[in-house]
Amino acid sequence: SEEENVAVNETEQRLPNFYILGVRQTGAEVLTKILELHPQVVIAKSFEFFRREDRYNLGIEWYRSQMPLLKPNQILIEDANDLLIESKVPPRILVTNPSASFILVLCHPLKRIILDYLHIREFAQQNPSSEYNFQEIALNLTDLLLKNDVINYAYPGLYRSKYSKFFKMWLDNYSVNNFFVVDSDDLLMKSPIDVLDKLQDFLGISNSFAPVDFVYNDTSSQWCHTEINCSNMRQGSIDLPEDTVQTIKAYFKAYNQELYDYSRVTFDW
């Protein structure tokens, strides 16, 4: 009927139903691109509303006014990736958007460190006039991680990989049931459909992805959606000495176990 057609075509600005959280270089970018292909999903860029004082002070209605128009059957996901580590963000979201839920995208801590190191080196080389002192240019990763065979706790790359420390402060505000926690390698390297089926159930949307939608990309060594060019995503590796690898893995063992306990999800890290 005409009334039904009007209802279907009505649009409104709403607060996000979900937020994608992660840490720099954990693989959230690829998942975001895949979810954008779902007809019921609308992705909003991060407005950093909860992190930036100048924007937070504008109020919740300003925040809502920045959101895209949504149809009744659509959900809104804000790509808030690197906000996981910001301590003031969880309580602020709870106050303004208490019904929100979260997709937490992570990867093995050492893998994240390697990818982040390569990312910073590339950025530094492309921005030689930057006043920032890029120690990643002057030193190799082993020298940044270890000093005299002892872990260099001052290296910032270690900090962001302590996922459990950040996740705990989110659990002080939201139930663990509000989180879908995924290892991006399960999505990219193992079985994208298994991950997406569970994620779509979590989001409360129809299953719109099929195995035929994904092909294995030999260049990037990962599964890739046929509509996404991911040949240049998350590439790069470093051959670290085995003793360095084992030292760093041992260092993160307790943090990883905490993450498993908090999230009720276990990865093969």
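Using N, Cα and C of the backbone, Cβ positions are placed for all residues, glycine too.
The feature domain 'Sulfotransferase' is assigned by TrEMBL to 18-220.
Counting every protein chain shown, 21 other Cβ atoms lie within 10 Å of the Cβ of Trp223 (3'-phosphoadenylyl sulfate binding site). Per TrEMBL, the feature 3'-phosphoadenylyl sulfate binding site maps to Trp223.
Within the same chain, residues at least six positions away from Cys230 (disulfide bond) with a Cβ under 8 Å of its Cβ are Val30, Lys33, Asn217, Ser220, Gln222, Cys224. According to TrEMBL, the disulfide bond annotation covers Cys224-Cys230.
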All-chain count of other Cβ atoms within 10 Å of Cys224 (disulfide bond): 22
